[in-house]
Amino acid sequence: MNTINKYSKTITQDETQPAAQAMLYGIGLTEADMYKAQVGIVSTGYEGNTCNMHLNDLAKDVKFGVASENLVGLIFNTIGVSDGISNGTDGMRFSLVSRDIIADSIETVVSAQWYDAVLAVVGCDKNMPGSVMAMGRLNRPAIMIYGGSIHSGKWKGESLNIVSAFEALGKKFNNTITPEDFKGVIKNACPGAGACGGMYTANTMASAIEALGMSLPYSSSNPALSQEKKQECLDAGKAIRVLLEKDIKPKDIMTKKAFENAMTMVVVLGGSTNAVLHLIAMAHSVDIELTLQDFQKTSNNIPVLADLKPSGKYLMEDLHAVGGVPAVMKYLLENKLLHGDCLTVTGKTVAENLANIPSLHQGQTVFLPLKTPLKATGHLQILYGNLAPEGSVAKISGNEGDFFEGKAKVYNDEYTVIDGVKNGEVASGDVVVIRYCGPKGGPGMPEMLKPTSAIMGAGLGKNVALITDGRFSGGTHGFVVGHITPEAYDGGTIALVKDGDTITINTKNNTIQLKVSEEELTKRKSEWKQPKLKATKGVLYKYAQCVSSASKGCVTDN
């Protein structure tokens, strides 16, 4: 039989470790506990945002379930950054950085404490990939437990979510919302605990990780405050014991085929562009090369079927009500769009997990059949051209068309764009260029939700495109292209764009072009000087020194 405490016994059963054992007795462990496997339960819980405010309570449920399986569960915490709070401020530069800090800190604690397994209770956007990256590096039995989605808010009969609050600002600029309604939307958009409710980054990553096999069935769609979520947490102990006994580790689960399942889920649900960065980084943690071309191949073959916000009508709670992510996976498997033989954290394969799962409800309109897709091919399009010779990522829902040509309106940060929208600088037909916001130039590759929301709220969404070497929130919609590489800080072509230049974006042939002669670009490049890093010490400075490009997942351990 497999020894399930093969790591912790180094501390608990070695007579040359008396001080370590004294400390463990000091926290309340018994003689019998010294022979049990130890499970590190990491929570990204903190009081500062709705996505994470309930996670420490869920971690206690997880600990109870672990103890019920004759295992020792020990809770520890790591950081979280709220994208919703930091968006549009300098704080957003710490968001992507937090993903790698989360991964590093979980790896550090589990390795130093000699835990035999890991259960991660996570909420906001970067929590999920950060925890799974750590699991991949550690390669010990592990399960991710998603904190679940928030319920929708309500104001004057209208359903609200976090993007309603962001877009209210653009409506205010455009004088299409009253002061009372502006305040009403803000006060009611987030009615309690849970991650942002649309198919934004948190729900995208939770769904992708469930399809990957690293979370239990329904984890991604069980609402935050539901009895189902509590039961999932209680059941995690039984599941982690199975993984310990069978010695099933992340590298057994996170295979190339499993990542193909995850990419399929991202596309079919119309998920966030951030999934490109995060899945590449997660694959890197288990020594699998995932590329931009893998995402394009998926988009070429998989349609968008879920009518979910930000581009569609519904929220994750609506998808859960008609069957949830497992029912979606069952539909995809029945139509030969998923690999059913991939192993998962249940100890069973995808196909085995789905065998007795109820199908999507008859007559529901949240997830459409293959014969009537929202978009016949994927919304994530990888674009190349003289503006992005190493690639970029466009999010094209189908509402924007597939071609845009316009005059560049250049900004060297995201803040001045807001003033540009407010003051009428940004006009119909413009291509807004936001640069020096890449992994190094930011530093931290901030999201552009505030500028895109201002553009949408001002009624310019169908007539203005936006391109950047930064990122987009999962809540962004419109004609947008991000992750442009090389970034401006590294002297990429985006650094050479001038106001009035013509930019062409063609998602049919996957190109993004600056219509400027090679001679002129060579002249501009010779005159360009690399700016000083915006950070001169601390975590952002360290990040800028070691981060890879967006096309490589912005990893910091390569």
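Just so it is clear, glycine is given a Cβ too, placed from its N, Cα and C backbone atoms.
According to Swiss-Prot, CYS51, CYS196 bind [2Fe-2S] cluster; the candidate from CYS124, CYS190, CYS233 that the record adds to this site is CYS124.
For the Mg(2+) site, Swiss-Prot records ASP125, LYS126, GLU447, and the single candidate of ASP83, ASP90, ASP413 listed with them is ASP83. When the recorded positions LYS126, GLU447, SER473 are screened for a Cα within 10 A of the Cα of CYS196 ([2Fe-2S] cluster binding site), none qualifies.
Of the listed binding-site residues, namely ASP83, ASP125, the sparsest Cβ surroundings within 10 Å are found at ASP83. Neighbouring residues of the recorded [2Fe-2S] cluster site, listed in sequence order and excluding CYS51, CYS124, CYS196, comprise ASN49, THR50, ASN52, SER82, ASP83, GLY84, GLY123, ASP125, ILE150, ILE162, GLY194, ALA195, TYR200, ALA202 (Cβ within 8 Å of the Cβ centroid). Rounded to a whole number, the C-alpha distance linking GLU447 (Mg(2+) binding site) with SER473 (active site, proton acceptor) is 6 angstrom. Within 8 Å of the centroid of the Cβ atoms of ASP83, ASP125, LYS126, GLU447, where the record puts Mg(2+), the same chain has further Cβ atoms from VAL81, MET92, SER95, LEU96, CYS124, THR201, ASN274, SER473. Note on proximity: of the binding-site residues CYS51, ASP83, LYS126, the one nearest SER473 (active site, proton acceptor) is ASP83, by Cα distance. Cα of CYS124 ([2Fe-2S] cluster binding site) to Cα of ASP83 (Mg(2+) binding site): a distance of 8 Å.
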